[in-house]
Structure formats: structure tokens, C-alpha cells
Amino acid sequence: MKGFAMLSIGKVGWIEKEKPAPGPFDAIVRPLAVAPCTSDIHTVFEGAIGERHNMILGHEAVGEVVEVGSEVKDFKPGDRVVVPAITPDWRTSEVQRGYHQHSGGMLAGWKFSNVKDGVFGEFFHVNDADMNLAHLPKEIPLEAAVMIPDMMTTGFHGAELADIELGATVAVLGIGPVGLMAVAGAKLRGAGRIIAVGSRPVCVDAAKYYGATDIVNYKDGPIESQIMNLTEGKGVDAAIIAGGNADIMATAVKIVKPGGTIANVNYFGEGEVLPVPRLEWGCGMAHKTIKGGLCPGGRLRMERLIDLVFYKRVDPSKLVTHVFRGFDNIEKAFMLMKDKPKDLIKPVVILA
């Protein structure tokens, strides 16, 4: 089969591999729609998770089941499914501790384009199909559905980690597609004021659509100064980091009130340390909580997010600015994600 792959750090291209085979609890899926992610860019061009050779990329897909193992009960060939970016092994101690994202080791629930071939192939393997796949209602368009496996679950996880109370003031640092879903998640969880930090007009407009009450453009001056001015020196109850380099951690610590929460769902692809400013952290005693989490995966998570879309609580299709058709255009969409033109939020490739 054909696949678009990371050949080595800094190099991508098309390769041929054997079609995968399912184990007894697994499924083989043909992608119907895929989307490249900034994480793929970090992995390839920054070598963020180390060297990978001839690894098929991609972890955002909806697809059609083509084959299942003998023990799979709930899915059959022909079923349309949402495939989470995180597909844990559910029989691990990490799952029992409540951290399925790390089943088998830190970040080990993230398998696609990390420890095994991803979804940018003509077929791909899904472990533990009954626990990881979710049925896709026919009413949800593919462009919207393919935002569920990563963008929605990651952005919403930022809002979950932030412990948002009703009426709270929340800052979302970075309003790419993950940050926009963090804005939507903060609104759903009852935030009163949502301050979105970004500069590109297409993202600013989307942030307002999803619930941002204020916009801070980092090109207009230091983020912390602008947010402290907006809040009359009080700061925010929670800051969700959804973009930026390592220095954004210091910004988040500076703008959060004592007792507030910094929630990170950003993939830091470079740098050895994340700075925490001593004074703004109250010399270590400000009761400011820093959390970072890999997005939840698995069937139940996908089913709940599907319900949010199906019942029109959230419309993730607003993230999609570029739609390509045909398998060979995966490379074009991938490079678009790397180059990030001003009119881009998220590209999608339709394969159905």
C-alpha cells in the first residue's frame, strides 16, 4: 500500500508498505478524511520525539472499517468510524490510575505517527477496536467529523485541565485550531470572560464565533501587560496554553491570579526547559497550579464529542479553511500546514 511518510528528520515522501493485518481485537480502516497537524510538523522538522525512519504520518482521521479481528464485537466492515488520535491499550496500570493517554509509558497512548504507522496510508491499523473506535453518524459531514479525533479533544482537554468555574475569566494563549476549540470548551464550561490571544484575522474571527469576549494581539505589546490592563491588574483565573514557544509558559504564570491554574495542551517541540518566573510564582508559594496533558482518546471520549457535534452544541467545521480531494493531495495539505499562510486554520483531505 501507499503512504505519506517521515523518511527521517526533516524529510518526507511517499513510500510503499505492506497492508497491515489485524490482531484478534483490532481493525483495519480505510481513511475517508484526514487532516495534517502541527504535531506532525514538530515531529518531522524539529525532530521533537526523536528520529523516525519511513514512518507513515498522520493521526487525525475518520474512516471505513475494512477488516476486523475475530474478537471484535461492535464493528464490522463497511462501518464509518471516528478514529481517535490517542488509541490506548486498555489493559494497563496507567489506565487503572486514570491516565489512559500514557498506557504503557509516558505518551504511549499516542501511537499513530509516533510508535507505529499513522493514518496517511491507504489503510491503517487500530488496536483494541471495540474500545477505541466510535461510530460516525451519517448526518455529520466528513469535514466536521475529522476535527473530532484531535482538535476537539485536545482543545476541550485544555478547558478541562483549567478547572473553569462558572463566570471565571480565562485566557487562551494561541488561537490556532486547538486554541479555538479551547475557547469553545471554555464557553461550554461556563467561563464568563474569555480572552483570546492571537493575531491572524481568520483566527480572530473564529475565536469570536466560538465565544471569545476579548482579543489580545501579541504584536501590539507584551501579552501579560495587555491582559493585566484588561483585567485592571487582577489577572485571570485560568490560562490555557494552546500555542507558542517555551517562553509562553512564563507568560501564563504571570497572568494567572494566585490560586489560579495554568493548563497546557501545547506540544513544545523545542527547548530543554520551560521557564517559571520566580516572583510571579510567589517565590514558589502563589498556589498557582501548572497542569499539562495529552488529549484523551478512546471510544467513550469520541462518542461524547460526536454528541456535541450531532446535537449542535459545537460546530468544528468552522476550523476548516482548506479542503483538498484525493489521496495524492495529502502532501499538499501537509506542506500547507507547515507554511501556515495567513488564511489557514486547518486543511482537510477528503478521500471518500
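Backbone N, Cα and C atoms are what each Cβ position is placed from, and that goes for glycine too.
Remember, predicted model here, so these are calculated numbers, not experimental data.
The NADP(+) site recorded in Swiss-Prot includes ILE175, GLY176, PRO177, VAL178, GLY198, SER199, ARG200, VAL265, ASN266, TYR267, LYS340, and the single candidate from TYR209, TYR218 that the record places there is TYR218. Zn(2+) binding, as stated in Swiss-Prot, involves HIS59, ASP150; the candidate among CYS37, CYS203 given for that site is CYS37. Under the three-state DSSP scheme, ARG200 (NADP(+) binding site) falls in the coil class. Within 8 Å of the Cβ centroid of the Zn(2+) site, not counting the listed residues CYS37, HIS59, ASP150, the chain contributes ALA35, PRO36, SER39, ASP40, GLY58, GLU60, ALA85, PHE112, SER113, PRO149, MET151. Using Cα positions, the member of the binding-site residues ILE175, GLY198, ARG200, VAL265, TYR267 nearest to CYS37 (Zn(2+) binding site) is identified as TYR267.
Neighbours of HIS59 (Zn(2+) binding site), defined as other CB atoms within 10 A of its CB across all chains, total 28. Every protein chain shown contributes to the tally, and the Cβ of GLY198 (NADP(+) binding site) ends up with 26 other Cβ atoms within 10 Å.
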